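Structure first, then comments.
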Ligand code: NAD
C-alpha cells in the first residue's frame with residue numbers, strides 16, 4: 001500500500017521537493033509499513049514559503065470578503081465531493097478507522113471552510129461618536145500566520161487553522177506533524193483548484209526544528225499551535241520574543257462527572273466516546289471519569305460489557321470501530337502508563353494489553369477503576385484508549401477534585417438535574433464543556449482551553465478576534481486646539 005504524494009511540500013501554488021532535507025517515513029499504523037517517504041524542509045524552502053505568503057497576503061487582504069468567501073466555499077464543496085478518497089488517505093496517515101474519518105475529520109474541516117466563508121463578509125468595525133469628532137475602527141488581517149499541527153486530527157487541524165486565517169485576509173504557512181504529513185498537502189491542492197491565489201496556503205514538512213524556524217521568522221505575525229503542553233510552552237515563549245499573536249490548543253486531562261441520577265446507558269456511551277474514539281487520541285477526552293458511588297457498580301459492569309464488544313481491526317474495514325495508535329512511540333508510551341497504573345494499585349476492569357492482532361500498534365480498550373487523584377493515570381495525559389474511573393460522594397467534592405489539575409481544556413457533566421448541571425459547569429475550570437453530551441465540537445462553538453491547556457479559541461465568532469487586529473481611527477472634524 002502506498003500513499004506517496006507528488007512531492008513533500010506545497011509552496012506558492014505548486015508541489016516542491018528538495019531531497020537535501022532529512023527523510024520522514026510515513027508509516028501506516030495498522031501494519032507498520034512505510035507508505036510514503038518525504039523530506040524535511042530545508043532553510044531555503046522555509047524561506048520560499050514565507051516569501052510567497054508575504055507577497056500574496058497584501059493583495060488578498062485587499063480582496064472583497066465575499067470573493068474570499070466564494071473560494072473557501074468552493075473548496076468546502078470539493079472536500080465533500082472527494083470525501084471517500086480523503087477519508088481513506090486520512091486513515092492511512094493516522095490509522096483511524098474509516099468509520100471515523102468519513103464523518104469526523106475532513107467533514108469537520110469542510111464545515112470550518114463553510115462557516116468562516118459565511119462569517120468573512122460580516123466582519124466590520126464600529127463607529128464611536130465623540131460629539132463632533134468621532135472614531136471608527138477597522139478589523140484588519142494580521143498578515144502571515146504560521147499553523148503547526150498535531151498528529152491526531154491532521155486534516156481537521158489544517159482546516160480549522162487555515163479557514164479563519166484565509167477568510168479574514170491572512171496568508172498561512174502550515175507545518176503538519178511529521179507523523180501525519182499527508183492531509184495538509186491535499187488541502188493545499190484543493191485550495192488552488194478552488195481558485196485560491198498561489199502563496200496564500202503553503203505546506204512545509206518537518207520536525208520541531210522546522211516549526212521553530214517558522215515561529216521565530218520576522219515575517220510572521222501569528223502562530224497557532226495544536227500540540228502538547230511542553231511544546232506549547234516552547235512555542236509560546238519563542239513567539240513572545242517577536243511579540244507575535246498566538247493561539248495555543250494544547251493537551252488536557254479533562255473530567256467527566258457522572259451523577260447517580262444520570263441515564264446509565266448515555267453516561268456509559270459518553271464515557272466510551274470520551275476515551276476510545278480515535279483510540280483515545282483526542283485532546284479534549286474525558287479521561288478522568290468521576291462516577292458517584294451510587295451508580296458506580298452498575299456503570300462499571302455495563303462499561304465492561306460494551307468495551308469488550310468493541311471491534312478492533314483493519315481501519316479500512318467498514319466494520320472496524322477502533323484502530324491502532326498512531327506510532328510505535330505512542331504505543332510504548334501508552335503501554336508504559338498501563339503498567340504504571342497497575343503498579344500504583346488501580347484496579348483493571350478490562351483491557352490492559354496490546355490487542356491480539358498480528359501487526360500494528362493496537363491496544364485494547366482499557367478501563368481502570370478505583371483510581372485515586374494522586375495516581376499517574378489521574379494526573380498525566382495518556383493519549384490512548386485508557387479510561388480512569390474515580391469515585392466520589394458529593395457535588396462539592398467532585399468539583400474540587402475535577403479542578404485540581406494544571407489542565408483546563410474540557411469537562412462534562414451527566415445528570416438529570418438541570419440546575420445542578422449548570423451549577424457544576426459554572427464552577428469547572430475548563431474552556432469547552434458539555435452537559436449530557438461529550439466531545440461534540442461543532443464549528444459554530446468556540447473551542448479551546450483554560451490554564452495550561454491553552455490560549456485563545458478556535459472556531460465560532462471567537463476566532464475573528466484571533467485572526468484579525470483592530471485599528472482605531474480618530475477623525476477630527478474641527479480646528480486643531482494647540483496650546484502653543
Ligand atoms: P507535539 O507537541 O509533540 O507536536 C505538535 C507539533 O509541534 C508538531 O507538528 C511538532 O513537530 C511541532 N513542534 C515540536 N516542537 C516544536 C518546537 N520547538 N517549535 C515549533 N514546533 C514544534 O504534539 P503531538 O504529539 O503531535 O500531539 C499530541 C498533543 O497535542 C497532545 O498533548 C494533545 O492533547 C494535543 N492536542 C491538542 C488539541 C487541542 O485543540 N487542544 C488538539 C489535538 C491535539
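Including glycine, each Cβ sits where the backbone N, Cα and C put it.
What TrEMBL records for 16-473 is domain 'Aldehyde dehydrogenase'. Annotation comment: TrEMBL describes 27, 93 as K(+) 1 binding site. Summarising the annotation, TrEMBL assigns active site, charge relay system to 161, 458. The active site, proton acceptor annotation in TrEMBL covers 249. For 249, the entry in TrEMBL reads active site. Taken from TrEMBL, the feature active site, nucleophile applies to 283. Summarising the annotation, TrEMBL assigns cysteine sulfenic acid (-SOH) to 283. The K(+) 2 binding site annotation in TrEMBL covers 451, 454.
Taking Cβ-Cβ distances under 8 Å and a sequence gap of 6 or more within the same chain, the neighbours of the residue listed as 'active site, proton acceptor' are 224, 225, 226, 227, 283, 447, 448, 449, 454, 456, 458.
Distance noted between the C-alpha atoms of residue 93 (K(+) 1 binding site) and residue 161 (active site, charge relay system) is 19 Å. Neighbours of residue 451 (K(+) 2 binding site), defined as other CB atoms within 10 A of its CB across all chains, total 17. Rounded to a whole number, the distance between the Cα atoms of residue 27 (K(+) 1 binding site) and residue 451 (K(+) 2 binding site) is 34 Å.
Proximity of the recorded positions 161, 249, 283, 451, 458 to ligand 1, judged by a Cβ distance under 6 angstroms to any of its atoms, singles out 249, 283 in sequence order.
In the three-state DSSP assignment, the secondary structure recorded for residue 27 (K(+) 1 binding site) is strand. Mean predicted confidence for the domain 'Aldehyde dehydrogenase' (16-473): the pLDDT average there is 98.
Comparing the recorded positions 27, 283 on other C-beta atoms within 10 angstroms of each C-beta gives the minimum for 27. Separation of the C-alpha atoms of residue 161 (active site, charge relay system) and residue 27 (K(+) 1 binding site): 25 Å, rounded to the nearest whole number. Cβ-based neighbour count (10 Å, all protein chains) for residue 161 (active site, charge relay system) stands at 28. With all protein chains in the displayed structure included, the most crowded Cβ environment within 10 Å among the recorded positions 93, 458 is that of 93. Following the DSSP three-state reduction, the secondary structure of residue 93 (K(+) 1 binding site) is helix. Reduced to three states, the DSSP call for residue 249 (active site, proton acceptor) is strand. The local packing around residue 454 (K(+) 2 binding site), expressed as other Cβ atoms within 10 Å of its Cβ over all shown chains, amounts to 29.
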